[in-house]
Amino acid sequence: MKVILLKPVQLPMLLLILLKFIMAAKEGKIHVLEFNASSEYTLDKRRVISINGYSATFGPEIRVKSGDTLNLKLTNWICSEEEASKDSDVWKDYCSTALHFHGVVPLANEFDGIPGLTQPTIGYGESYWYNFTIDQSTCGTFWYHSHSSVQYGDGMRGVLIVECDDYDNHVANTINSVRDIETLDDGVVTMKKDKHTKELTDYEVQERIITLSDWYTNWNLDILNDKVLSSTGGTDPKFDGSLINGKSSDGETIKIGFNTEYLLLRIVNSGMSGTQVFHLDGFQLIVLEADGIMIKPFIVQTINLAVGQRYTILVKLKSDTSFIRMINGCNKMMGYITKQWWFYKEGAHLDLPKNPNDVSIEHLPGFTKAELYRDIEPTQEENKKLRTKADPVAVFEFDYAYYKDESTKQKYGTGMYKVNERTFSEYVKDPVRFGFNETYDIVINSLDHMRHPWHMHGHHFQIISLGNKGDGPFHKDVQEGKAWSRYQNDLRHLARTGKAPMVRDSINIAGNSYAVLRINTEMPGKWLLHCHVEWHMMKGLGIVFEVPTTTEDSTKQATTAVLSYPTKEPDPNTVVHTAALEQNKSKVIAVYILIMCAVDAIFYWLLM
């Protein structure tokens with residue numbers, strides 16, 4: 001075999017070519033999307049918001065890959081010109097809009113989609129560009145929705161999927177570990193040490209998206225005006241139904257391929273209020289992802305989702321499976337709205353019960369109202385992303401409750417939720433201030449009897465401790481009581497098991513209870529921490545915290561593209577696409593090539 005050695009003068013040129021090829025390969029695709037939001041009416045004369053003509057109370061699915069750039073232009077036609085010009089603040093808020101990309105972290109603050117805080121409001125007839133690059137570390141199931149008034153329950157929402165090789169490998173490795181097991185037991189899946197030898201595409205895997213939501217027969221703005229913000233308004237208007245994939249009907253079917261061996265279900269609770277319960281009759285659910293975080297595969301029979309939460313589950317089908325009954329319970333004030341849908345294999349003979357009434361949500365196998373914060377654990381790779389320190393520099397405690405005393409009603413015109421005696425609008429004016437790149441424990445104490453779903457913007461959090469209903473508030477200087485005891489027990493559990501705390505962006509906090517969440521403040525800007533029940537948000541239940549920018553690490557504020565175009569059409573030639581921060585994988589490849597070139601050069605000189 002003839003060996004061709006490179007001359008030294010060839011090495012720099014070869015190196016430049018190879019590095020250019022690598023960087024070009026790492027640059028993702030650019031997706032240019034245009035969303036036109038307008039109001040439409042359903043056959044039932046119910047006013048909804050439609051994005052690009054979609055009428056199922058959900059907008060188009062966005063599907064990208066890690067490292068891709070998204071250029072999304074949103075134009076607002078939600079209200080008529082006459083409605084948009086009304087003096088009422090309630091109308092002004094509803095007639096303006098913005099988009100929040102729920103759970104996408106990291107993302108520069110100017111693209112967080114909070115009108116009047118992180119961006120200008122998008123008024124009637126105006127357009128706004130969201131131009132950013134998905135970070136290489138971001139992967140999984142997310143969703144987008146309006147953060148203006150109560151728009152998203154009317155249809156201003158959709159699913160955002162970020163694909164990546166690590167995700168596909170995680171699914172394939174899990175399949176490799178369970179494919180020869182006849183009966184799957186609840187709990188952590190024992191993963192095979194040998195990695196999968198097949199690509200994910202070699203298996204018969206069918207992916208389906210399942211969106212779950214509550215539903216109100218009346219227009220949300222009417223409900224907000226008449227039943228929530230009035231002087232006698234309450235906190236939780238009764239919803240009338242539920243939606244699965246935007247449909248209110250029961251007994252619908254979802255077709256899958258005849259040769260399907262595994263179902264991969266991305267489930268999103270995109271509702272305004274109700275916790276959702278999900279179950280597949282006779283099948284185990286292998287949980288692979290929670291809120292965009294890949295987890296060590298964990299098997300359950302029934303799972304619940306707080307508003308804003310997402311799970312990806314893998315389902316191993318049986319050889320004789322023709323159809324699967326899907327059971328969904330949408331939690332209302334007293335009980336559940338129960339629906340049953342069916343997955344069926346193409347070509348299968350269907351003889352389905354028309355209106356089966358043998359389901360009690362609370363008697364489903366494995367049913368629990370509790371969060372799986374102790375059970376599920378991020379993969380080793382995911383845990384490295386959250387660079388929290390062992391000991392926080394400070395603990396911030398936030399107590400919230402509902403106030404309907406006369407002084408509150410006189411000041412706000414209605415009863416309001418307050419966090420540490422302040423409403424959300426007051427935190428907008430005067431945020432809680434954190435240091436940059438510091439680790440904090442945030443304690444959220446519910447002095448309210450109801451369960452509340454909380455969501456954090458801009459950061460993931462670790463769940464250090466989570467109380468049960470009735471445990472009471474946790475205060476670090478009160479070292480007694482149920483809350484203190486549970487907190488200590490959770491710390492001992494983490495120390496004894498060596499488990500990493502679960503990482504999420506959304507969580508349910510039980511009534512008269514608490515949560516201790518640990519964050520590292522890496523992203524500068526003003527960020528929200530709020531209840532994701534839309535009515536509660538309108539009633540003041542949330543805070544704003546601010547992370548400062550530092551001169552020595554100012555690039556942290558621009559891990560994504562930084563240009564946006566409020567109200568005016570941009571010149572396409574001037575749109576800047578800034579790549580995400582360089583990832584370790586690229587560095588390793590580049591170093592490897594440098595070493596190989598150096599070895600080649602040494603080899604050449606030795607043989608001269």
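Note that Cβ sites are derived from N, Cα and C of the backbone, with glycine treated the same way.
Per Swiss-Prot, these features apply:
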- His100, His455: Cu cation 1 binding site (BINDING)
- His102, His145, His532: Cu cation 2 binding site (BINDING)
- His147, His457, His530: Cu cation 3 binding site (BINDING)
- His452, Cys531, His536: Cu cation 4 binding site (BINDING)
- 51-163: domain 'Plastocyanin-like 1' (DOMAIN)
- 243-374: domain 'Plastocyanin-like 2' (DOMAIN)
- 421-548: domain 'Plastocyanin-like 3' (DOMAIN)
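Swiss-Prot feature annotations superimposed on the structure.
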{"residue": "His100", "record": "Cu cation 1 binding site", "DSSP (3 states)": "strand"}
{"residue": "His145", "record": "Cu cation 2 binding site", "DSSP (3 states)": "strand"}
{"residue": "His452", "record": "Cu cation 4 binding site", "DSSP (3 states)": "strand"}
{"residue": "His457", "record": "Cu cation 3 binding site", "DSSP (3 states)": "coil"}
{"residue": "His530", "record": "Cu cation 3 binding site", "DSSP (3 states)": "strand"}
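For Cys531 (Cu cation 4 binding site) paired with His455 (Cu cation 1 binding site), the C-alpha to C-alpha distance reads 6 Å.
In terms of DSSP helix, strand and coil, the domain 'Plastocyanin-like 1' (51-163) has 17 helix, 41 strand, 55 coil. His530 (Cu cation 3 binding site) is 6 Å away from His455 (Cu cation 1 binding site) when you measure Cα to Cα.
The CA atom of His145 (Cu cation 2 binding site) is located 19 Å away from the CA atom of His452 (Cu cation 4 binding site).
When the alpha carbons of His536 (Cu cation 4 binding site) and His530 (Cu cation 3 binding site) are compared, the span between them is 9 angstrom. Secondary structure at His536 (Cu cation 4 binding site), as computed by DSSP, is helix. When the CA atoms are compared, the binding-site residues lying within 10 A of His532 (Cu cation 2 binding site) are His452, out of the candidates His100, His452, His457. Residues His102, His145, His532 make up the record's Cu cation 2 site, and a Cβ search at 8 Å around their centroid adds His100, Trp143, His147, Tyr152, Arg157, Ser270, Val307, Gly308, His455, Ser506 from the same chain. The Cβ of His102 (Cu cation 2 binding site) has Phe142, Trp143, Tyr144, His145, Leu160, Gly308, His455, Asp505 as same-chain neighbours under 8 Å, each 6 or more residues away in sequence. A separation of roughly 18 Å, to the nearest angstrom, links the Cα atoms of His452 (Cu cation 4 binding site) and His147 (Cu cation 3 binding site).
Neighbour list (His457 (Cu cation 3 binding site), Cβ cut-off 8 Å, at least 6 residues apart, same chain): His100, Asp112, Ile114, Trp527, Leu528, Leu529. Residue environment of His452 (Cu cation 4 binding site) contains 24 other Cβ atoms, counted within 10 Å of its Cβ in all protein chains.
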